[in-house]
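Feature list (source: Swiss-Prot):
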- His16, Asp172, Ala173, Lys174, Arg239, Phe240, Asp248, Arg254, Lys255, Ala271, Lys275: ATP binding site (BINDING)
- Asp18: Mg(2+) binding site (BINDING)
- Glu44: K(+) binding site (BINDING)
- Glu57, Gln100, Asp248, Lys279: L-methionine binding site (BINDING)
- 100-110: region 'Flexible loop' (REGION)
Amino acid sequence: MTERHLFTSESVSEGHPDKVADQVSDAILDAILEKDPMARVACETSVTTGLVLVFGEISTTAYVDIQKIVRQTVKDIGYTRAKYGFDGETVAVLVAIDEQSPDIAQGVDAALEVRDQDEKDDIGAGDQGLMFGFAVDETPELMPLPIALSHRLVRRLAELRKEKVLPYLRPDAKSQVTVEYDDQGQPQRVDTIVISTQHDDETTLEQIEKDIKEQVINEVIPHELLDDETKYFINPTGRFVIGGPQGDAGLTGRKIIVDTYGGYARHGGGAFSGKDATKVDRSASYAARYIAKNIVAAGLAKKVEVQLAYAIGVAQPVSISINTFGTSDLPESKLIEAVRKNFDLRPAGIIEMLDLRRPIYKQTAAYGHFGRTDIDLPWEQTDKVEALKASLAE
């Protein structure tokens with residue numbers, strides 16, 4: 001039993017500078033995978049006033065027009081006017097791309113285990129590292145409630161902006177939600193909501209506060225979670241006209257907690273965007289979420305965290321760890337046994353299991369990689385439920 005407590009998570013909109021960088025990196029990755037599914041991509045992006053810098057290591061047979069992809073991505077986000085200090089037409093795009101290091105490539109091309117002649121041992125992990133996956137029964141999508149609500153708020157802001165319902169909104173925005181949990185660890189109410197949204201110069205704070213409460217908060221936060229004690233901070237600085245890459249420089253991979261579980265679960269430190277699936281930072285994090293979600297969906301635990309760890313150039317994970325936080329009747333060793341039996345966690349196994357050589361990544365680069373109900377992502381499927389139950393019944 002725990003004490004009543006508060007927990008807070010945040011999200012950012014697609015127009016946040018770090019998210020602009022993530023989307024550019026993943027748009028380039030998708031364009032390359034469309035033509036060359038076997039490409040090795042590690043694409044980083046930095047954005048600032050009037051400038052996008054694309055750099056990293058890419059080995060591919062494909063040609064893609066990086067300038068064109070960058071400009072279109074920036075425009076799609078909503079940076080279409082020079083007065084924003086950053087727009088798709090006039091922004092300078094610098095490209096500095098190298099090939100993947102041959103020292104890394106040799107470990108990925110032929111894993112340590114390849115001598116055993118199993119073709120799934122052909123691909124070694126692209127780096128060492130540890131990755132976490134998590135699921136909890138607080139929401140239908142099996143995500144922690146604070147991050148789920150935070151994502152809903154900024155997605156709603158983008159929707160109202162793009163549909164011109166609130167035409168004064170600009171692309172950059174952030175949200176933060178504090179949830180109160182009872183002594184059983186169950187969410188009871190929303191304690192605090194913070195929303196900061198970029199806006200046109202002429203719009204008053206009073207207008208913004210009214211619109212955000214009526215058309216954003218009341219539309220996406222369940223009414224039973226709000227009460228007279230809920231606190232609201234809407235544009236608490238009073239003004240947010242200068243924003244996006246003009247207000248702050250942005251960089252790929254700087255919003256890894258927004259991308260995952262909002263701090264509710266641990267994180268191994270590796271970012272996702274701009275990386276192809278031989279990079280276990282990305283693919284093994286997706287696999288760990290897939291495992292965790294299926295365990296909770298099967299009713300085997302109410303809350304579970306899965307850790308995977310890899311060595312560079314080695315196909316098999318060096319460790320698998322599962323923590324059910326006392327919410328399962330099963331020993332964690334039994335769950336690990338069932339996971340090993342039903343999930344191939346070698347990089348090639350994950351790539352095949354989740355079909356990760358497809359251009360599916362740009363859509364994940366804003367509003368979270370997990371718990372998405374608006375798009376169809378393979379690691380969000382619960383198609384291993386029966387197999388897990390069957391393994392544990394043996």
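Placement of Cβ uses the backbone N, Cα and C atoms for every residue, glycine included.
Note that the coordinates shown come from a computational prediction; the quantities given were computed from them, not determined experimentally.
Known features from Swiss-Prot, placed on the structure.
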{"residue": "His16", "record": "ATP binding site", "Cβ contacts under 8 Å, 6 or more apart": "Asp172, Ala173, Lys174, Gly244, Gly250, Lys255"}
{"residue": "Asp18", "record": "Mg(2+) binding site", "Cβ contacts under 8 Å, 6 or more apart": "Val12, Gly250, Leu251, Thr252, Arg254, Lys255"}
{"residue": "Glu44", "record": "K(+) binding site", "Cβ contacts under 8 Å, 6 or more apart": "Ala21, Ser25, Val54, Phe55, Gly56, Leu251, Thr252, Gly253, Gly274"}
{"residue": "Arg239", "record": "ATP binding site", "Cβ contacts under 8 Å, 6 or more apart": "Leu205"}
{"residue": "Asp248", "record": "ATP binding site", "Cβ contacts under 8 Å, 6 or more apart": "Pro17"}
{"residue": "Lys275", "record": "ATP binding site", "Cβ contacts under 8 Å, 6 or more apart": "Leu29, Val41, Ala42, Cys43, Asp281, Arg282"}
{"residue": "Lys279", "record": "L-methionine binding site", "Cβ contacts under 8 Å, 6 or more apart": "Ala42, Gly126, Asp127, Gly270"}
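Taken residue by residue with DSSP, His16 (ATP binding site) is part of neither helix nor strand, so it is coil. Per-residue confidence over the region 'Flexible loop' (100-110) averages out at a pLDDT of 61. For Gln100 (L-methionine binding site), the same-chain residues that are 6 or more apart in sequence and have a Cβ closer than 8 Å to its Cβ are Arg40, Ala42, Glu57, Ile58, Ser59. Under DSSP, Lys255 (ATP binding site) is assigned to coil, being neither helix nor strand in the three-state scheme. Lys275 (ATP binding site) carries a strand DSSP state (E or B). In the three-state DSSP reading, Arg239 (ATP binding site) counts as coil.
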